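Undergrad: Structure provided below as structure tokens; questions to follow.
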Amino acid sequence: MRILGIDPGTLVVGYGIIEAANDELTLVGFSSLTPPACAPIPQRLAYIYKGLVEVIELYQPDEVAVESPFADKNIKSALAIGKAQAVALLAAANHSLPVTEYSPACIKSRVAGSGNASKEQIQEMVRLLLNLAEIPQPNDAADALAVAICHHSQRAFTNIISQGDLT
């Protein structure tokens, strides 16, 4: 199962692709898309869409996992991230790929065992779970890999529950 994880944003979109075979995770690729910061939002979103389409066509994922926006105090920022998230959902839908969205707390819990884990703890767990020498850079790509790992973990848990094998 090849999973594309996406960490959406209007300034930087991180993406990471993992291959999951049984309990073994393998890094396939990762990077980020950085639209011109001075461009208007519609042009940035078009840049992100085009880039994600290229990623999907290059890596041929089976499923896509996207981090959902976190709305704390900065609603304007959450709305902007929501626009980038919608573009990611559209790119996946236009390629008939199943998409699952995960909250930041769910990703932290699945990857590091705590919904309150720090960004550094998540990135270190990504490094360990993918058996890497260094934490992937840029940070947005490491975050996207965490989204993909979260999706794999959730799928594995769902499979165990559906089989009734809780021993």
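Each Cβ is built from the backbone N, Cα and C atoms, and glycine gets one as well.
The shown structure was predicted, so the numbers you read here are calculated from the model rather than taken from an experiment.
Below are the features I grabbed from Swiss-Prot:
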- Asp7: active site (ACT_SITE)
- Glu67: active site (ACT_SITE)
- Asp140: active site (ACT_SITE)
- Asp7, Asp140: Mg(2+) 1 binding site (BINDING)
- Glu67: Mg(2+) 2 binding site (BINDING)
Undergrad: Counting across all protein chains shown, how many other Cβ atoms sit within 10 Å of the Cβ of Asp7 (active site)?
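TA: There are 28 such Cβ atoms around Asp7 (active site).
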Undergrad: Return the count of C-beta atoms lying within 10 angstroms of the C-beta of Glu67 (active site), excluding that atom itself.
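TA: Excluding its own Cβ, Glu67 (active site) sees 25 Cβ atoms within 10 Å.
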Undergrad: Give the helix, strand or coil assignment DSSP yields for Asp140 (active site).
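TA: Where Asp140 (active site) sits, the three-state DSSP reduction gives helix.
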Undergrad: Long-range neighbours only, meaning 6 or more apart in sequence with Cβ under 8 Å: which ones does Asp140 (active site) have?
TA: Asp7, Gly9, Val12, Val13, Gly14, Ser32
